[in-house]
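Below: the structure, in structure tokens.
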Amino acid sequence: MRSGRRALNMIKYLILMLTFMCVVIEIIQIVVGAVLHRLFATYTVFIDNDFVRATHFLIAVGIVLVFLSIFGFAGIIFENVIMIFLYSGMFGLMVILEIILASAAFSMYTRVDSMLTRRMNIVIQQFFSDSFMRASFNHMQNEMNCCGIQSYADWANFHPERDLPNSCCRRVDDGCMPHERGCHAPMSDFIGSRIHMIATGTVIIIVFQVICIVTAIIMGARLSKYKQQLRAAGMSPGPVTAPEPIMTEKPKY
């Protein structure tokens, strides 16, 4: 009986440590999702809606998993078998959702180039007619130190009667000297690296969470068996056994 209790305690402390690490990882996931959402919102005219929704999903899953980990933490501390198995089951469902997110992120990573080409063509065509499109394209050219889509020659193709916008120019002292590189390549690297970070980061988190789930199931099974043995021996199945009384006889005065 004592050896069973020692083994159970080892599993208990291990899963408590893993669950605490899970909480930390999920908080990091929420922060990363919020940062990526802000970055994507800056270039919203160049990005499809599902890219932005991926950051929303990342944040939402992180928040749910933080509360779920706290629930599991309580179940483990109080050695409640039902809470531990509920924690494992709900955690498993969330892992399935994260697998879907990782798969979607890898899929999005493969179509970043085609998305940017399509969206950039739309924005550059409406550059002089839409103030929001103009501000977005100017911001991108200033931040990325680039001009046009593939090169500054794109401006002559789309707007032959117009001069280059100031955001294209490296120097304007003796006329506009445009940036030689286009904006497609740096934007593709920028967006693609963030999407790849979501995909690979989610996979790493999933692996760690599966370890947490397996450990919780093992503890739940061992705890259930241990409590059955205590009941068979006529002992209390609670997490802490009642202390023996210090005095066995009534004091005599």
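Cβ coordinates come from backbone N, Cα and C, glycine included.
Taken from TrEMBL, the feature transmembrane segment applies to 12-36 (among others). Tertiary neighbourhood of the transmembrane segment (12-36): same-chain residues 55-56, 58-59, 61-63, 65-66, 69-70, 72-73, 76-77, 79, 194, 197-198, 201, 205, 208-209, 211-212, 215-216, 219, selected by CB-CB distance under 8 Å and a gap of 6+ residues from either end.
Annotated transmembrane segment per TrEMBL: 56-78 (among others), in sequence order.
The annotation transmembrane segment is assigned in TrEMBL to 85-109 (among others). Long-range contacts of the transmembrane segment (85-109) within its own chain (CB-CB distance under 8 A, at least 6 residues past either end) are made by residues 50-51, 54, 57-58, 61, 64-65, 68, 71-72, 75, 192, 195-196, 198-199, 202-203, 205-206, 209-210, 212-213, 216-217, 220.
Taking Cβ-Cβ distances under 8 Å and a sequence gap of 6 or more within the same chain, the neighbours of C183 (disulfide bond) are M120, M140, Q141, M144, C146, C147, G148, I149. Sequence annotations record features per position, and here TrEMBL assigns disulfide bond to C146-C183 (among others).
If you look up TrEMBL, you'll see C147-C169 (among others) marked as disulfide bond.
Residues or ranges marked as transmembrane segment by TrEMBL: 195-221 (among others).
Positions annotated as region 'Disordered' by TrEMBL: 234-253.
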Exercise. Including all protein chains displayed, how many Cβ atoms other than that of C147 (disulfide bond) lie within 10 Å of its Cβ?
Worked result: 25
